[in-house]
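A.B. asks: Here's a structure for you.
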Amino acid sequence: MQKLLFVFSVLLTVVLATAPFQVQCPSSPLIREAKHELCPEETLYLKKKKIKTKNKLIQFLKSLTEAKFSSKFYKRVLKDPPKIGIAISGGGYRSMLVGTGFISQMNDYGLFEYSDYIAGLSGGSWILMDLVVQNFEVKSLLQEWDLEEDLLLGIPEFDISEEEIVTNAKKEYNDNDLKMKKRQGGSLITSSSNFYEQIEEIMNSIEEIPEDYMITKRNLNPLARLKKIFFPNNTFTGTDAKIETFKKVLDFYKSLHLKIKPKKMEGFQISFTDYWGKAIVQRLKKNFDDDPNHSFSFSKLVNSSKKFKECSVPIPIFVANCKNGLLSNVIFEFTPFEFGSWENILRLFVKLPYLGSKIVSGKAEKCINNFDDLGFITATSSSIFNNVLIFIWNLASQSSREAMKALNMVMGIFGLGKEEIFSISKDSSRLETDYAVYQPNPFYLYPEKDNVLTNKNHLYLVDGGEDGENIPLRTLVIPERELDVIFVLDSSSDIDNYPNGSKLKRIFEKLDEENVHYQFPNNVKTFTHPIVIGCNATKRTGHDSFLPIIIYHANANHGNASNTSTFKITYNQSEVSSMLPTGRGVFSNDYDLYYKNCLGCILTKRTMDRLPRKKKFSPFCLQCFKDYCYS
């Protein structure tokens, strides 16, 4: 027992080093009202980056032997270089692996470091975390990931589309009796009878709930079907081995609890997303949580990166959705500089290092650092996996009396014990911990902003793709960023785990409501090649700048099938080796030399559009626009 307490004490000392802590508040305001400008730090970074990387584009253009650009053309581009963004969709490891190949090919062309922004959500956000961990060295991506170990220990692989997960997410519970039954399903099982019989009883109680009443995102359906995977024949053979496996699973989740505890001890609300964040970080071979001298703060990691300090890499942007009230498709973003939203309902930002501070009416009362944990932010953007964690907690906490007591004791410390999870609270102020909880809300009671984002002292954030907006495009399209071209990689699972363009269409419909008009290519049957949208020099409504050109790339079979399930949580080396070339093929159009040359025309089109003279493009570029631009 003493040895166990000693180990616990040592581990707790280590993880406390990464917990949020109080600091002295700065004299300058922490909240910025976003009127029509970027924050000063972002503006300065882009100004320095333009000087640092503009020659990379010239090098790429000079490598294009068919386009034959002139020296006069190069001078124009150097004088007014295009601004480029990258948007990586969700899709679990599928998105991360295809996306890694995608930006690796960009890097080979010299276009990755030239780009100004890279935005990711859900599985795409894992690429951003990897980039930050690897000091933005594209060639080092995936080296720290242990892809052969289960991402969530104890959960088998299954194939459910993101669309199926979020289909009924907006439904509300109206039947309290049914709700009570759902939450109490199996929760009173505490006897020491056969362990697997208890699990079976729990699963049966879950399946008794009428299908029409189930909320797929926020309860155990469709995860109840995993019973068939755990127990395909309804038989429980090899009990000793299974109990040993379960102990391993339990140890895994206990370790997550231990790493989350310091945040709770500092008085912060804990949610399932905290555990999910630690689970993601544990899949890194170098466990940063075990290094007492290493902060995993997003702002600190990025701003200590050599390449980022040199202003030679794109700014990473994590995207999440807000669920306060009945909001939908209200997006928030995390950059290394600030956190907030460009949505008209808010347009406020807080300096990222001070996220977690108590700020009321725009004035700082207690300042915190280290709340911006990179794992937590990544998990927030990819919290569609929360339902998997909910499943494992229900499975584990209803096991044998000994295991249940051990787990319930640890969970109770965080306010996530059996009683809290399975009971109906009459306290309306109680927070929904299956969302990512950001409390204190930095925008609480902000003057002249009385709405659901400011009248509560918490923000609920969820997977960036939960409302069907699975591509982080809108955060890049805003006029303040003045982008000319956006590379989009869509690895959504619309049909057979391949995208069909529906996510892009949904975003265009949302943009249309904001007077930002793109025409969706309805006459395109398949999305196996890049499609260039918005080539025509269309100016924004109410602005003097042009809308950015969107180069849409869809994950497709480029010699290797890449339609693995979003919830496939292990990949062996052979599988990884087959996915990465797909991403390269998607970006390069299967290494098509003509397309590569045309890319030079497309990337510089807005630069030429801004020239006053009408005759601007070479015959070669005009043919490229005809071949690839959708109008």
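Backbone N, Cα and C define each Cβ position, glycine as well.
I grabbed these lines from Swiss-Prot:
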| type | residues | note |
| --- | --- | --- |
| SIGNAL | 1-17 | signal peptide |
| REGION | 24-67 | region 'Required for lipid-binding and function in meiosis' |
| DOMAIN | 24-631 | domain 'PLA2c' |
| CARBOHYD | Asn233 | N-linked glycosylation site |
| CARBOHYD | Asn293 | N-linked glycosylation site |
| CARBOHYD | Asn303 | N-linked glycosylation site |
| TRANSMEM | 376-396 | transmembrane segment |
| CARBOHYD | Asn500 | N-linked glycosylation site |
| CARBOHYD | Asn536 | N-linked glycosylation site |
| CARBOHYD | Asn560 | N-linked glycosylation site |
| CARBOHYD | Asn563 | N-linked glycosylation site |
| CARBOHYD | Asn572 | N-linked glycosylation site |
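Locate each feature and note its surroundings.
C.D. replies: If one looks beyond the region 'Required for lipid-binding and function in meiosis' (24-67) by at least 6 residues along the same chain, the residues whose Cβ comes under 8 Å of a Cβ in the stretch are 73-74, 77-78, 81-83, 109-111, 113-114, 116, 310-312, 315, 335, 337-338, 340, 342, 347-351, 354, 357, 359, 362, 364, 366-367, 442-443, 446, 479-481, 593-594, 596-601, 603-604, 618, 620-621.
Following the DSSP three-state reduction, the secondary structure of Asn303 (N-linked glycosylation site) is helix. Sequence-distant neighbours of Asn303 (N-linked glycosylation site): residues of the same chain at least 6 apart with a C-beta under 8 Å from its C-beta are Lys309, Pro336.
Neighbour count (other Cβ atoms within 10 Å of the Cβ, all protein chains): 18 for Asn500 (N-linked glycosylation site).
Asn536 (N-linked glycosylation site) falls within neither a helix nor a strand when secondary structure is assigned with DSSP, and so counts as coil. Other Cβ atoms within 10 Å of the Cβ of Asn536 (N-linked glycosylation site) number 14 in total over all chains.
Taking the Cβ of Asn560 (N-linked glycosylation site) as centre and 10 Å as the limit, one finds 13 other Cβ atoms among all the protein chains shown. In the three-state DSSP scheme, Asn560 (N-linked glycosylation site) is classed as coil.
Shown in sequence order, Arg94, Ser493, Asp496, Asn497, Tyr498, Asn555, Asn557 are the residues of the chain, 6+ apart in sequence, with a C-beta less than 8 angstroms from the C-beta of Asn563 (N-linked glycosylation site).
In the three-state DSSP classification, Asn572 (N-linked glycosylation site) falls within coil.
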A.B. asks: Closest to Asn536 (N-linked glycosylation site): which of the glycosylation sites Asn500, Asn560, Asn572, going by Cα position?
C.D. replies: Asn500
A.B. asks: Across the region 'Required for lipid-binding and function in meiosis' (24-67), what is the average pLDDT of the model, as a whole number?
C.D. replies: 96
A.B. asks: Are there residues of the same chain, six or more positions away from Asn572 (N-linked glycosylation site), whose CB falls under 8 angstroms from its CB, and which are they?
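C.D. replies: For Asn572 (N-linked glycosylation site), the qualifying residues are Leu147, Glu148.
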